[in-house]
Amino acid sequence: MSCLWMSCWNVVTNVCCHTVLVVKPELKTQTALQECERSFSAFTSAFQQQHKIKRWLVAHSGGVDSQLLLYLTKKCLSDLPIIVIHINHHLQADSCDWGRFSVQQAENLGLQAIIIDLELPSSSENAARKARYAAFTNIITPGDCLLQGHHGDDQAETLLFRMLRGSGLKGMLGIPLQRRLADGHLLRPLLDLTRTQIERAVETIGLDYIDDPSNAEDAYDRNYLRLHVLPLLRQRWPDLARRWRENTERLSEAHNLLEHYLASDLALCSDGQAKLSISAWKTLLPLRRPEVLRYWVSLHTGINLNKVQLRQVQTDLIEAAVDSNPVFTRKGLEIRRFKEHLYLLPEQEEVAPEVPFLCSPRQELVDGVLEIKGKVPVELFSGAVIRRRQGGERCRPQGITQSKKVKKMLQDAGIEPWHRERWPLIYVGEQLAAVPGICICQGFAEENAGFSLLWHPFSLSDNV
């Protein structure tokens with residue numbers, strides 16, 4: 001029996017020794033590079049089967065993840081044009097050096113590089129992120145795909161941060177692998193990899209990279225989680241990235257199911273426009289009402305209202321008197337009530353008190369488009385200007401014997417109060433010549449001229 005035991009012990013010892021040899025550091029790095037290449041190729045190949053891509057844009061900061069991203073893009077996707085994009089936030093003293101580093105890396109691979117300089121209103125993470133994506137949006141054209149180097153550790157950090165912030169179900173879906181971005185697409189082909197895998201792969205290739213010193217400052221919430229909290233979690237649960245990924249997959253399934261039911265509920269309250277019937281909304285179960293309201297706003301604007309904001313909309317708008325004109329304002333968005341409906345509107349911009357009337361078929365203003373049907377008698381509108389309603393205006397429509405209040409004509413036409421307040425009027429000198437969409441005033445329409453003026457205020461989908 002003892003001989004058998006010793007024989008088994010020798011086998012186990014030999015196997016253990018053999019295992020130690022397999023995971024030597026240099027072999028680990030080689031294996032990591034192979035894993036990174038396989039994962040990258042799998043994601044990008046599947047993506048190209050679904051979308052027709054004409055050009056790859058590589059977001060390149062110079063960090064370890066973006067260096068691997070650039071290397072793999074050049075190696076695996078060089079059949080299409082590749083452009084390297086570096087965003088300079090000007091938040092660090094060495095930021096210009098980082099831009100030059102990105103350009104050098106691109107030139108080493110024979111690629112074009114573009115540096116975009118940003119002027120940020122503040123140094124906050126949120127301000128930098130918004131400005132960065134606005135810059136990407138401005139350069140993306142149809143058929144472009146922007147590649148970013150987010151990895152599995154970034155995903156864990158994001159999910160933990162959002163959980164602590166109290167994000168809802170949609171926020172807990174984490175960083176998406178892919179999504180639409182302006183006229184193109186955004187793809188994160190390293191999202192299934194860990195930072196350790198990426199660092200080992202870069203070590204194997206022998207690439208230099210930039211280590212942003214701000215990443216070591218734990219005053220930022222996300223840095224604090226990355227530096228102090230996540231390492232402790234990984235000690236306890238080494239496969240943390242896998243656990244997060246499985247959770248996000250389950251949450252995504254739950255989110256898709258919820259949106260399926262919310263879409264059915266919303267169809268009872270809205271015809272697909274940025275307008276919601278309050279009476280129909282009230283027929284829903286109380287538990288479903290705030291979620292339908294949240295879904296409606298998000299569907300048209302991408303903005304997710306929190307619980308406090310949803311309660312404010314219900315209290316200040318839905319429960320307001322029918323004849324009141326309340327408004328809920330959030331940056332980039334207004335929600336207004338008119339009679340028995342809620343309306344989603346873009347945040348109103350300042351308008352010039354007076355601009356020339358061009359007599360052209362289409363004249364775009366800051367908040368809408370003035371359209372001419374037919375031929376304008378130019379001699380009658382020589383020197384005409386566009387002004388906004390001030391209140392008290394009257395005119396005598398062509399073919400009518402008595403003058404009418406402009407406000408009353410707009411009301412009779414069913415124009416919403418917020419549009420009535422800013423309705424454009426055409427003046428020749430100090431005389432009101434036309435109320436677009438309503439009438440041409442007496443004396444400014446030649447007999448049988450057959451022309452009309454229309455006003456199309458920008459909708460939320462145009463501006464938000």
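Including glycine, each Cβ sits where the backbone N, Cα and C put it.
Annotations in TrEMBL come from automatic prediction, not curation.
When Cβ atoms from all protein chains are considered, those within 10 Å of Gly63 (ATP binding site) total 18, not counting its own. The annotation ATP binding site is assigned in TrEMBL to Ser61, Gly62, Gly63, Val64, Asp65, Ser66.
According to TrEMBL, the domain 'Lysidine-tRNA(Ile) synthetase C-terminal' annotation covers 384-455. Per-residue pLDDT, averaged over the domain 'Lysidine-tRNA(Ile) synthetase C-terminal' (384-455), rounds to 90.
For Val64 (ATP binding site), the count of additional Cβ atoms within 10 Å of its Cβ stands at 21 [all protein chains shown].
Cβ neighbour count for Gly62 (ATP binding site) (all protein chains, 10 Å cutoff from its Cβ): 21. In the three-state DSSP scheme, Gly63 (ATP binding site) falls into the coil class. Within its own chain, Asp65 (ATP binding site) has Gly149, His150, His151, Leu190, Arg195, Ile198 as residues 6 or more apart in sequence whose C-beta sits under 8 angstroms from its own. Long-range neighbours of Ser66 (ATP binding site) (same chain, six or more residues apart, CB within less than 8 Å of its CB): Val58, Ala59, His60, Gly149, Tyr209. Packing around Ser61 (ATP binding site) is summarised by its Cβ count: 23 other Cβ atoms lie within 10 angstroms of its Cβ, all protein chains included.
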